[in-house]
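Sequence annotations record features per position, and here TrEMBL assigns region 'Disordered' to B:34-64. The transmembrane segment annotation in TrEMBL covers B:140-163, B:234-252, B:331-349, B:369-394, B:406-426, B:459-477, B:507-530, B:564-586, B:606-626, B:632-652. Look at TrEMBL and you will find B:450-559 tagged as domain 'TMC'.
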Amino acid sequence: MGTTASQLGKDLLSEYQELTFLTKQEILLAHKRFSELLSKEDRNLTSVPMEKVLSLPELKSNPFRKRICHVFSTSDMKDGSLTFEDFLDLLSAFSDSATLEIKSHYAFRIFDFDDDGTLDGGDLEKLVNCLTGETEDTRLTPEEMRQLISNILEESDIDKDGTVNLSEFQHVISRSPDFVSSFKIVL
Amino acid sequence: MEFSELQRQSSTIAHGYHGAQQLVRLRSKSVVSNQNGPQFHWGSPPSEGGEEGDSGPPKDLRERPMTMRLKRAIREVQQMRVPVVTSWQSWKRSKAKSLSRFRADAGGVMSYVALWRKALHKIGGHFGGGVQSYFMFLRFLVVLNFLSFLLIAGFILIPSIVFRSTSTSNMTVDDTGPEVCNVYDPNLQGLVVFYQYFLDLLSGTGFMEYSYMFYGYYNNTVAESSGFHYNLPLAYLLTSVFYFAFCLICIITRMGSALRVAVATGSGAAGSYSKMVFTGWDYGCQGDRATKLKQKSIHYQLQVDLEEERLQKKALSLTLGQTVGLCSLRIFLMLVSLALIGGAFFGIFKATVFSQAQVGAEGILGLFWVYLPSIVITTGNFVVPLMCDQIALFERYSPSTTIIMALFRSVFLRMISLGVLLFTLWSQITCFKDSPKCELCQYNNKEYPCWETRVGQEMYKLALFDFLITIAMLILVEFPRRLFVDHYSCALTRWVGRQEFLVPPNVLGLVYGQTVVWTGALFCPLLPLINTLKFFILFYCKKVTLFSNCRPAVKTFRSTTSTIFFLVVLLFGWGLALVAMIYSLAQIHPSMSCGPFRSLTMMWSIVPNTFYTLSLTTQDFIFYMGSQAFSIPLFIFSCVVLCYVAALAAVYGKSVDLLKAQFKLEGRDKQFLVKQIEELSREMGVPTRDQLDTFDTGAAN
């Protein structure tokens, strides 16, 4: 239900202000950038395909960009396309004033590569590879990866089921003071 | 019969097990989906948060991780239920709504006004949080110095200018001391050689000495005209004291939020791997270069930590003899580094004594003698940490410990070198060795007719020299280094490499500059203004060198803990300056020939003198406040409040521990129950979960 009009209505603007953590200027700027993404395409489209979203400079080199699009997308085809409201949800979760709970919730979903609700060894390995770089010379050796994953599970898997669930994840996040300031994307 | 009963039992159990399995699977799935999706009770009344005005329900909605469609639907449902409220409550709610909207708009305006917001954002994106925290610290110091300058200008500078120009003042001349103490001739020459102006600008003598810049120019005027009473010496003293208090409040406030977070999250040692992996990425990184660098730094950090863990495991297996050898080596190297630092202090002491003895020398050589203490301090601050770094290579501490040790050594060196300089100055002024020079006026009036101005000049020289050296390093070392490395490629340039922007030494430079300003503000009231300009220019210079000459450090700083560290070191500097100020106010006799305190035996005595001119009732009231009848009940009350707060904190800590234990127990309960079910199913000969799964998938296909 994005707007294709060049201006956002006043009540729509105030509604977005209440439903997200964004300020009025941020919502207007988001609308402008989203319209720019749409402008080269058909005017009647309400959602932007994933490739166009990934062309934004803030997301272009982020190693988690595809996961971010998949998490915030509400399209039925699961292709990662975003409507304007999905885009606002994205910016709201990544904004300055979003709470720790929201950020940790979405971070968990972004890191859950297989969408099964827990972070198991495969998810953790993919996560570490995203963090260090995908090329051969930037990956950790299999030895180091094994040591790292076993250390992570030992530290954060409290109920010892071999996976990290949302509460355990949030427990780790709550002990890190830098998370809120680093989990931030500002247009 | 029994067999059919058993069969029925087993079938019910099987059915029950199947049901239970389904239930477990469903429950785990629903638990999972509940964890992924938020809980919202559609039947809950909207007045849960209604007491806080309208900030309750909307904030609740924002904090739920749902899509916009869902949130909008919930909001509509909430709004449809119009709660029965009185007109007073609805008025309160609308007022709260407009207040929050006003606050949001004001916040938007403030973010436009905030200094260098875009530059800081760009620096953070390209070089990471550690470097950005340095620049934010620099911005904080610029704002602090500017506000201090406004304070000083408002209460000291402007009244001074006004009184001087309108001459409605009465100066009290002190006739109690000997005549010779009142002589102060700041060498107001008529025509001077042209470069003398430049030398005077650098050393604060000549035309700068007898100006608003330094203490000696201010008079002890007490202006009285038609009911307006302004006591300039009292204003001077109280403004200086308030300036220190104001800086302390600013630092503590800034440290408060970061410290609260750090204390709440506890020590950073436990859980460092999961923390690094889950929270390590900085989503503000923009551009391929910054991303690759961040990835490289995370890779390096992980490798280093894994390596440290392996080394620690190896170190635990060291024999006793090896441990003793390592400890004795470390103690020996610690003594060596302390000896180096002590040698630096001795050099500074000698240089200051020598420089003070050479007052009056002319020309460039004279300028050199005048700047000798600053030169020696800067050389010491440069050379000694380098040598300590080389020593640290042999100490074989873990990398993080090495960095902390190096930082503490540098802090120690910088602060105490400044302290040694001040100590030598004061010993010269007040003649510690009880020589006959100080008998006449209680201070060394022959060499220091106006000693406060001299101290002010020393601090001014230190600040200026620090600034010039930084600019010179930029122009003469960093830019050529980059040109050299970029255009010639040989083994040497590859080993030297581009400059790395090291945050700790830069921050120590800032803290040192600020400490100098605090020490000198009493004697050189315009020093905060000079420092504001200095730091302002420094911001742009450092930004230019960062973007053109530097490559980001591979080992990065944590931004929150580093902010706290910077502010703690700044507090050390503040403490040193406070000690210097208290000593000057309370111990040394002010100059009798210049300044606002020339008729007093102690700078602080202006306060009691003014106090006794107040009305009797005010005096009685203030005496009562200081007496035991008031202060003891106040003390007891604050003890009670402290005990209450401490008890509250202990209770919260205990409840956190209880919740953690409960969490662990619940996990174990779940494991126990699943094991029970599997055992039971095995006993009953019912297919296990895996077999059921394959059966399910087989059936689905």
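For all residues, glycine too, the Cβ spot is worked out from N, Cα and C.
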Could you tell me whether the transmembrane segment (B:406-426) and the transmembrane segment (B:331-349) have 3+ CB pairs under 8 A, leaving out pairs under 6 positions apart?
yes
Looking only at the domain 'TMC' (B:450-559), what are its DSSP counts of helix, strand and coil residues?
85 helix, 4 strand, 21 coil
Are there residues at least six beyond either end of the transmembrane segment (B:459-477) with Cβ under 8 Å to its Cβ atoms? List them, or say none.
202-204, 213, 370-371, 373-375, 377-378, 418, 421, 509, 512-513, 516-517, 519-520, 523-524, 527, 530-531, 534, 537-538, 541, 545
I'd like to know the mean pLDDT over the domain 'TMC' (B:450-559).
83
Near the transmembrane segment (B:369-394), which same-chain residues lie under 8 Å Cβ to Cβ, leaving out any that are not at least 6 residues past its ends?
203, 329, 333, 336-337, 340-341, 344, 347-348, 351-352, 354-355, 358-359, 361, 402, 405-406, 409-410, 413-414, 417-418, 421, 458, 461-462, 465-466, 469, 505, 512
Selected stretch (most C-beta pairs under 8 A with the transmembrane segment (B:606-626)) from B:234-252, B:406-426, B:564-586:
B:234-252
Need a quick answer: max count of Cβ pairs under 8 Å to the transmembrane segment (B:564-586), which of B:234-252, B:406-426, B:507-530 is it?
B:507-530
